[in-house]
Amino acid sequence: MNEKGFTLVEMLIVLFIISILLLITIPNVTKHNQTIQKKGCEGLQNMVKAQMTAFELDHEGQTPSLADLQSEGYVKKDAVCPNGKRIIITGGEVKVEH
């Protein structure tokens, strides 16, 4: 009988190799996801800072609150980072709420 196919041992070896590859790649994906969320939050902070500066230029140096930026159309919605933390303006500085 000359049947073509894989033996159980060959299948187990392939599954073992796939398992090892998954164990190597999953932590890297998680690490990159955290980095992406951090960079996204930094980008949002920089955007709000730029909009604050534009508001100050348009309103004779008046320091805006986040509500001012939203009501005037500088920021369209609540500033929330990809990780769920909110952007706040305190004392004229843009910060991430902890």
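We count from 1, first residue shown onward.
Just so it is clear, glycine is given a Cβ too, placed from its N, Cα and C backbone atoms.
Other Cβ atoms within 10 Å of the Cβ of Cys81 (disulfide bond), summed over all protein chains shown, number 18. Cys81 (disulfide bond) falls within neither a helix nor a strand when secondary structure is assigned with DSSP, and so counts as coil. Swiss-Prot lists Cys41-Cys81 with the feature disulfide bond, giving a curator's inference as the kind of evidence.
Reduced to three states, the DSSP call for Phe6 (N-methylphenylalanine) is coil. Look at Swiss-Prot and you will find Phe6 tagged as N-methylphenylalanine.
Annotated region 'May be involved in polymerization of ComGC' per Swiss-Prot: 4-29, in sequence order.
Per Swiss-Prot, the feature transmembrane segment maps to 6-26; the stated evidence is sequence analysis. Here the transmembrane segment (6-26) has no Cβ contact under 8 Å with any residue of the same chain six or more residues outside its ends.
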Separation of alpha carbons, Phe6 (N-methylphenylalanine) and Cys81 (disulfide bond) (Å): 50
